[in-house]
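Here the structure is laid out as structure tokens; the discussion comes afterwards.
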Amino acid sequence: MEVVIVSDAAAVGEVSADAISALVQRKPDAVLGLATGSSPSELYRELARRVATDELSLAQCRGFLLDEYVGLPADHPQRYRTVIETEVVTPTDLRSERVQGPDGLAADLPGACADYERSIQDAGGIDLQILGVGSDGHIAFNEPGSSLGARTRIKTLTDQTRRDNARYFGDDIGSVPHHCLTQGIGTILQARHLVLLASGRAKAEALHQVVEGPVTAMWPGSALQLHPHVTAIVDEAAASRLQLSAYYRDAYRNKPAWQGL
Ligand SMILES: N[C@@H]1[C@@H](O)[C@H](O)[C@@H](COP(=O)(O)O)O[C@@H]1O
């Protein structure tokens with residue numbers, strides 16, 4: 001796994017936007033895996049800036065969400081489909097009809113999960129998957145103890161994740177749904193390039209475990225170590241517990257220009 005340590009969250013946004021810009025230049029109809037949460041906010045802001053200045057166009061791209069809450073009404077501002085609409089579709093030229101997420105309002109939720117897996121395959125798979133990491137090491141909504149081989153399915157959220165996410169629900173944990181649909185780790189590992197974003201000290205322990213700990217379902221993000229092309233783009237605070245940070249810095253500084261992210 002390549003670890004790129006940058007000064008702050010804004011720099012995380014810039015470097016990850018560079019990875020997307022390079023991909024879209026090579027492949028204008030790239031399939032992007034879109035994450036929600038605070039980790040990709042600066043990235044989405046930077047993508048919007050580049051689209052506004054004609055440095056980038058996402059018009060031919062497709063987007064697939066990582067996960068979705070079960071049961072939030074279609075017009076709920078925290079429904080992940082709505083969040084991506086607000087943070088990515090509206091401020092860029094990515095087209096709404098080219099973005100898909102698992103349907104958390106389906107009458108047949110297991111059927112919706114299977115349909116979603118098929119849609120990703122029909123699109124040719126995900127070229128670049130953006131990921132954040134939860135403070136307990138979850139990726140998407142694959143909570144500790146999740147199967148490392150699972151596909152999109154229904155999961156129960158932990159109290160820790162519901163507490164972490166209550167900030168988006170007026171600090172009322174009672175309003176945070178108990179269930180979600182999430183791409184499984186098996187689904188995520190099929191994307192061609194995984195870009196993990198982390199900023200802030202609250203992510204330092206999770207990042208250390210995910211990048212440098214043993215591969216274990218107790219830190220589900222550690223399964224990324226099994227993927228051949230992962231780039232973790234993290235700020236100084238998130239990197240503060242990494243044991244090999246001197247090596248990561250040196251490797252990035254001396255990286256041949258032709259290598260790209
Ligand atoms: N389902 C999302 C994840 O996709 C996200 O990566 C993670 C971290 O969130 P944040 O980036 O806000 O810290 O938790 C949420 O629960």
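Glycine too: its Cβ is placed from the backbone N, Cα and C atoms.
What TrEMBL lists as domain 'Glucosamine/galactosamine-6-phosphate isomerase' is 10-225. The active site, proton acceptor annotation in TrEMBL covers D67, H138. Taken from TrEMBL, the feature active site, for ring-opening step covers D136, E143. According to TrEMBL, the feature site 'Part of the allosteric site' maps to S146, R153, K155, T156.
Features recorded in TrEMBL, as mapped to the structure shown.
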{"residue": "D67", "record": "active site, proton acceptor", "CB count, 10 Å": "22"}
{"residue": "D136", "record": "active site, for ring-opening step", "CB count, 10 Å": "18"}
{"residue": "H138", "record": "active site, proton acceptor", "CB count, 10 Å": "27"}
{"residue": "E143", "record": "active site, for ring-opening step", "CB count, 10 Å": "21"}
{"residue": "S146", "record": "site 'Part of the allosteric site'", "CB count, 10 Å": "21"}
{"residue": "R153", "record": "site 'Part of the allosteric site'", "CB count, 10 Å": "22"}
{"residue": "K155", "record": "site 'Part of the allosteric site'", "CB count, 10 Å": "22"}
{"residue": "T156", "record": "site 'Part of the allosteric site'", "CB count, 10 Å": "13"}
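Per-residue pLDDT, averaged along the domain 'Glucosamine/galactosamine-6-phosphate isomerase' (10-225), amounts to 97 for this model. Checked against ligand 1, the recorded positions D67, R153, K155 give D67 in sequence order as having a Cβ less than 6 Å away from one of its atoms. Under the DSSP three-state reduction, D136 (active site, for ring-opening step) is assigned to coil, being neither helix nor strand. If you take the Cα of T156 (site 'Part of the allosteric site') and the Cα of E143 (active site, for ring-opening step), they are about 8 angstrom apart, rounded to a whole number.
A distance of 14 Å separates the Cα atom of D67 (active site, proton acceptor) from that of S146 (site 'Part of the allosteric site'). Using a 10 angstroms CA-CA radius around D136 (active site, for ring-opening step), the recorded positions that qualify from E143, S146, R153, K155 are E143. When the CA atoms are compared, the recorded sites lying within 10 A of H138 (active site, proton acceptor) are S146, out of the candidates S146, R153, K155.
DSSP gives D67 (active site, proton acceptor) a strand state. Annotation note: T156 (site 'Part of the allosteric site') sits in a strand segment as assigned by DSSP. In this structure the C-alpha atoms belonging to E143 (active site, for ring-opening step) and R153 (site 'Part of the allosteric site') are separated by 12 Å. In this structure the C-alpha atoms belonging to S146 (site 'Part of the allosteric site') and K155 (site 'Part of the allosteric site') are separated by 9 Å. According to DSSP, E143 (active site, for ring-opening step) is assigned to coil rather than to any helix or strand.
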